[in-house]
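Accompanying notes for the structure given below.
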Amino acid sequence: SQLMFSCSRLCLSDNFVPTLVCSDGFRAFLQRHCPVVAERFSPTPWCWGGRMQTLVRVLLKTNPAVTYRNELIQTGDGGQLSLDWFDNTDSARYPQCSSRPTVLILPGLTGNSQQTYVLHAVQQASRHGYRCVVMNNRGFGGEELLTPLTFCAANTSDVETVVNHVKGLFPQAPLLGAGVSLGGMLLLNYLAHKGRDAKIIAALTMSVSWDSFESSASLEQPINKLLFNRHLTSNLCRAVKRHRKILENAIDVDYVLKARTIREFDERFTSVLFGYKSCSDYYRDASPGYKLPRTSVPVLCLNAADDPFSPEHAFPVTAAQRLPNVALLVTSHGGHIGFLEGPFPSGAGYMDRLFGQFVWAAFEHSADLRAACGVGGETAE
């Protein structure tokens with residue numbers, strides 16, 4: 001707790017330069033190859049607070065033109081996953097499809113490949129000649145549910161299916177994982193579950209909720225409940241309604257649709273569907289913060305201290321200080337997936353620039369990154 005508050009003061013006082021908590025080796029690598037970590041982040045002057053940053057991003061951010069190739073793949077339980085590929089066949093730097101570096105992007109709770117933050121990430125990666133594949137959460141990629149199972153932050157089987165599929169198609173191409181919000185939770189839980197067998201060379205997370213209990217409590221504060229919680233719950237209920245026919249075999253749909261908060265939804269739907277005895281058991285399993293010691297690949301985690309979805313007192317500061325492979329980058333402002341800067345924040349922002357620099361650094365200087373983080377090369381296999 002004390003560590004977190006001291007981190008917060010550094011963020012606020014040090015000329016708007018984000019606070020970077022990590023080992024000396026990881027710090028040196030990032031400062032050399034990903035200089036945005038040491039740059040000032042000055043939030044849009046008229047959009048200062050975390051709630052404003054969170055809301056305005058949805059309204060103002062542009063949608064870069066991205067043309068995907070869709071692929072449906074089968075899962076072990078008889079379901080299907082919708083993948084959206086940006087193949088980047090015109091890549092001058094990596095003309096060989098077999099060895100073109102690939103970024104796997106995991107969107108947020110009700111997100112898919114069409115979210116502005118996903119499109120900006122694809123644009124950033126494409127400029128470096130990389131390929132991207134977006135894993136749409138079950139039920140949110142336009143595909144039909146074939147089994148009464150959706151997704152949750154704790155169940156990493158779909159991520160594992162996609163990673164194995166991508167590495168099966170392109171065994172020589174290095175793979176990096178990038179997750180936003182719930183997608184970041186999924187990615188971290190996958191990395192903790194697989195350890196040295198993750199088949200990913202590095203990972204980047206943005207606006208992760210580190211502790212599901214704390215995030216739920218924050219989102220149930222009156223103003224956050226009004227601005228965010230009800231809207232997200234409504235989107236989740238809409239998806240349940242769309243897939244009602246298959247889901248009513250496993251849950252009481254009418255009861256689920258009466259949920260007014262994410263916690264109520266998780267109590268009535270997520271925890272039931274995934275076999276948890278209680279919502280508390282699910283939240284404990286979903287929280288990635290305490291699992292970081294089990295990860296084996298270099299991970300850079302971006303969070304804003306004023307994120308209404310992810311309270312700063314739950315940030316894993318102590319873990320980032322002690323683990324050689326984890327870097328926590330904290331901005332004093334930025335909200336949830338916001339990070340808007342400049343007077344007209346419609347284009348690429350701080351988060352997008354960080355994404356572009358880090359994926360380039362991880363792919364182009366992978367040996368240096370492994371050495372800086374004390375990670376062996378076998379994690380990429």
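Every residue gets a Cβ built from N, Cα and C, even glycine.
Taken from TrEMBL as is:
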type	residues	note
ACT_SITE	Ser181	active site, charge relay system
ACT_SITE	Asp307	active site, charge relay system
ACT_SITE	His336	active site, charge relay system
DOMAIN	101-343	domain 'AB hydrolase-1'
Asp307 (active site, charge relay system) to His336 (active site, charge relay system) - Cα separation in whole Å: 5
Close in space, distant in sequence - Ser181 (active site, charge relay system), Cβ under 8 Å, 6 or more apart: Pro107, Gly108, Leu109, Gly111, Met206, Ser207, Val208, Ser209, Phe309, His336, Ile337
